[in-house]
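First the structure, in the form of structure tokens, and then the observations on it.
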Amino acid sequence: HPSVNVVSILSLPLPELSKKLRDGSLPLDHVFYAYVGKALQIATETNCITEFLQESETHLRKAKLMGKHEQGLLYGVPVSIKDSIDCQGHDSTLGFIKNINKPAAEDSVVVQVLKRQGAIPFVKTNVPQSLISYDCKNLIFGQTRNPLLYTRTPGGSSGGEGALVGGGGSILGIGTDVGGSLRFPAAFCGICAIKPTGNRLSKRGIMAGVVGQKAVAAAVGPLAKDVESLALCLRALLSEDMFSLDSTVPPLPFNEEVYSSTKPLRIGYYETDFFTMPSPAMRRAVRETKQLLEEAGHTLVPFELTNVDYVIFNYCVRGMFADGGRSFVRKFKGEMEQGGTGVLFWVAKAPHWLKTLLCWIAKPFVPRLSSIIRSMKENRVDEVWSLHHEIEDFCHQFIAQWKKLNLDVMLCPMLGPALGIGYPAKLSVAVSYTMLYNALDFPAGVVPVTLVTEEDEEELQGYKGYYQDWWDRTLAKAFHGGVGMPVAVQCVALPWQEELCLRFMKEVETL
């Protein structure tokens, strides 16, 4: 409509847009169709949307008839939803052809709560086949591209969300994270996201990439352009509706006092996990953020990570594929594997004797590959129980080190810049910075803090990696050509302290 200032609507941050929708100063249909139009444009450019939720127009008409007392915190806000999150009457394909025309019988709990809070879910977004990848490609919908540079991946597995929100086609997206699946797309596309503690938000009605595994905690969380938008989303989701619809979720409403506190923080930090060598831009992002935080009156304390290689192989890989990868491979029955899962699929598929042989061959040349193969053996039931106890012990040791330093939060690197399309399949090991906090089940968010410079690019010439093997050489190539692309840092808090994590993220964003 000629009277609608679409550019003005699309430029409003979520808290301001939400306020204008609730007080009636912005008509609901103007906002809805502004985002539908922008989403269509971004989808054409990046191939990020899998489906338009036609019933969203019905929800829009119903919302216009609501009284003031019925309007929730997200009244009239168009929200995008990851493919793997059930929306009634729509497929949750996980990129598998066999899941086409198998619509969900009901909305997931998260979608139900969003609707009760007045939000209008309007599109579903693309994912990599099986979700176990941080690229975004499958045989149904094809490859999703990064809105900032089409030759780069938007990350995954919530890659469609990252591309759509990063491109401005959605103001709020909902995704999932089992190894960085919210944080990769946010960091690669220059936006913010938070992975809460695994059970802070309901996972009922959400499809998993590896069914049944409990070692590495999956979580549901939001993606948005800024931290305040993430906070508003969590305020809305952590409502009575969430707790009444899923009684397994602890009734912990959003803690405003913690989020709005201005007390100086005691912040742990590290520049590397000594497993995946950071790019020059990643290291600089942490150093510059540390300096700004110190200048603002916060205390920064070095934190030394140890045994990350053991955690990745023995807790994360072994934990996720404790049955030797049999249930993971079963998902591909009758499907073509299109390369997004990289080495994990082929190792899981290999018979035991071949795994042993490959492990022996790879050890001198690609030691980390050898460790992955060794970690993907089939475990006995008693070994799985033992593994869970080990993970618990590791978590308690990590918290003890955190408490000994009297830390509030932690500042960590985040992989970046966005890798070229196809590289994540070759670089499964580069999830170390994110997956650590799924194993620990700590809330972790990402905030973009800088852009890759020409100096960073020049420094990459000397990138050798810690193992100086094929994987390190591939990662050096994957980082190249990223001048001008965003680089983020990770902000981490102890379990159930999402509000403190967001408060820290807000501090980083402001500085």
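Heads up, the Cβ atoms here are built off N, Cα and C, so glycines get one too.
Over in TrEMBL, the protein carries these features:
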DOMAIN    34-502  domain 'Amidase'
ACT_SITE  Lys82  active site, charge relay system
BINDING   Leu131, Ser157, Val178, Gly179, Gly180, Ser181  substrate binding site
ACT_SITE  Ser157  active site, charge relay system
ACT_SITE  Ser181  active site, acyl-ester intermediate
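Around the Cβ of Lys82 (active site, charge relay system), a 10 Å sphere holds 28 further Cβ atoms from the protein chains shown.
Recorded residues Ser181 (substrate binding site) and Lys82 (active site, charge relay system) have their alpha carbons 11 Å apart, per Cα-Cα distance.
Around Val178 (substrate binding site), the same-chain residues at least 6 positions away in sequence with a Cβ under 8 Å from its Cβ are Leu131, Ser157, Ala208, Gly209, Val210, Val216, Ala217, Ala218, Ala219, Met320, Asn438. Cβ neighbours within 10 Å of Ser157 (substrate binding site), excluding its own Cβ and spanning all shown chains: 35. Within its own chain, Gly180 (substrate binding site) has Tyr134, Leu415, Val431, Tyr433, Thr434, Met435, Asn438 as residues 6 or more apart in sequence whose C-beta sits under 8 angstroms from its own.
Across the annotated binding residues for substrate (Leu131, Ser157, Val178, Gly179, Gly180, Ser181), the two most widely spaced Cα atoms sit 11 Å apart. The two recorded residues, Lys82 (active site, charge relay system) and Gly179 (substrate binding site), show a Cα separation of 16 Å. Other than the site residues Leu131, Ser157, Val178, Gly179, Gly180, Ser181, same-chain residues with C-beta atoms no more than 8 angstroms from the centre of those residues' C-beta atoms, the substrate site, are Ile132, Ser133, Tyr134, Gly156, Ser158, Thr176, Asp177, Leu182, Phe184, Gly209, Ala218.
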